[in-house]
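J.: Got a structure for you, questions after.
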């Protein structure tokens with residue numbers, strides 16, 4: 001078995017203790033200023049000081065050496081919350097929002113998510129596949145090596161299944177590890193505008209069984225927000241999804257403190273996402289339940305809202321993950337580097353905390369930490385080489401990509 005030895009590199013990585021990094025642990029990185037990484041069959045065999053890794057390499061088979069040129073090495077980014085499967089951008093609504101129209105007002109008038117629903121219904125499956133694959137490849141160029149993609153622009157059984165099929169095709173054809181999430185309860189379609197309860201019943205009785213039969217989605221999500229789906233409606237849907245074997249996620253407390261974070265804690269969801277308006281009480285409940293907070297600072301940036309209180313969450317030992325929320329309405333970016341910069345500059349996270357949030361904790365938010373998210377022995381050799389002395393360059397050097405190279409399972413892919 002041949003080995004690859006990546007040497008002459010400064011390594012920075014969170015280390016996996018078997019659980020998400022919370023509290024002070026989120027800010028701790030392993031650092032090897034004269035580091036090396038030994039890879040076999042796409043998996044990490046050894047990582048650490050170059051001399052120690054060389055000793056391991058000499059005891060094995062033939063070794064191919066790769067000189068990293070003194071560059072900084074970090075884990076590949078894991079993006080645990082995206083809506084990359086969509087048919088058309090929404091630039092006109094961007095102009096409306098800049099002029100002062102609120103996101104929820106646009107939605108109530110049939111725009112927003114409902115505009116994307118109409119576009120997906122009109123799009124052919126191949127067209128949707130090509131545009132989604134392009135966005136995934138763009139994310140890869142910025143250093144993302146694993147990500148999640150949600151459905152949610154279908155809102156009927158046929159189009160939700162179409163979106164999941166597209167996500168499944170992209171997962172096969174892309175080199176990234178891609179996780180699909182079913183988000184049938186993303187908005188209330190027109191025919192159910194006055195009866196959201198009936199729509200939830202339809203999802204539970206018709207959509208969910210078909211989603212389970214299709215076998216592509218690994219999680220179920222719901223937009224739990226005033227004017228969309230209530231706490232009780234969200235509870236009914238998520239409990240049904242859990243009974244069908246799906247992991248749970250919640251769009252929680254993005255606009256108002258409805259209590260979605262508390263519901264995530266009650267149900268033992270894998271993550272609660274957004275959380276701009278989450279209360280101290282529900283943040284503590286998330287901590288006690290081990291729910292990961294997936295924060296989306298690019299959305300707050302785009303909507304010109306206050307940012308989620310990452311510092312409060314970290315101080316309460318909630319593991320914080322970071323994601324792009326890439327979507328055509330409120331966060332059109334594929335760049336985890338941009339997200340890290342916003343987290344450091346606007347959410348008071350340290351560069352080390354942000355890197356952990358964009359890698360290890362994000363992997364836990366997708367139940368993927370057994371194979372990605374850190375440079376631990378036995379995990380996939382998914383890593384980045386940076387143009388900079390430390391990971392702080394990701395926030396410090398704004399407006400450019402600091403990623404020199406992207407490796408997936410030990411192979412250079414960008």
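Cβ atoms are placed via backbone N, Cα and C, with glycine included.
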J.: Have a look at 1-26, 27-52 and point to the one annotated region 'Disordered' in Swiss-Prot.
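T.: Range annotated as region 'Disordered' by Swiss-Prot: 1-26.
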J.: Looking at 4-imidazolone-5-propanoate binding as recorded in Swiss-Prot, which candidate out of 134, 186, 397 goes with 90, 153, 254, 330?
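T.: Swiss-Prot names 186 for this 4-imidazolone-5-propanoate site.
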J.: Of the residues 156, 177, 325, only one is listed by Swiss-Prot in the Fe(3+) site with 81, 83, 251. Which is it?
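T.: Of 156, 177, 325, 325 joins 81, 83, 251 in the Fe(3+) site that Swiss-Prot records.
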J.: Taking residues 6+ outside the compositional bias 'Polar residues' (1-20), which of them lie with a CB under 8 Å of any CB in it?
T.: 26, 28-41, 45, 47-48, 50, 53-54, 57, 60-75, 290, 292, 319, 321, 352, 355-356, 359-361, 364-365, 369, 373-376, 379, 381, 383, 385, 389-391, 410
J.: Return the residues near residue 325 (Zn(2+) binding site), defined as same-chain residues 6+ apart in sequence whose C-beta is under 8 angstroms from its C-beta, sorted by sequence, else 'none'.
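T.: Spatial neighbours, sequence-distant, of residue 325 (Zn(2+) binding site): 81, 82, 83, 273, 296, 298, 299, 331.
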J.: Write out the long-range same-chain contacts of residue 153 (4-imidazolone-5-propanoate binding site), meaning residues 6 or more apart in sequence whose Cβ is under 8 Å from its Cβ.
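T.: Counting only residues 6 or more apart in sequence, the Cβ neighbours of residue 153 (4-imidazolone-5-propanoate binding site) under 8 Å are 83, 85, 86, 87, 113, 116, 117, 119, 120, 159, 163, 186.
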J.: Can you give me the Cα-Cα distance between residue 251 (Zn(2+) binding site) and residue 327 (N-formimidoyl-L-glutamate binding site) in Å, rounded to a whole number?
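T.: About 14 Å separates the two Cα atoms.
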J.: Within the same chain, and leaving aside 153, 327, 329, name every residue whose CB is within 8 angstroms of the centroid of the CB atoms belonging to the recorded N-formimidoyl-L-glutamate site, in sequence order.
T.: 83, 86, 90, 112, 113, 116, 152, 328, 330
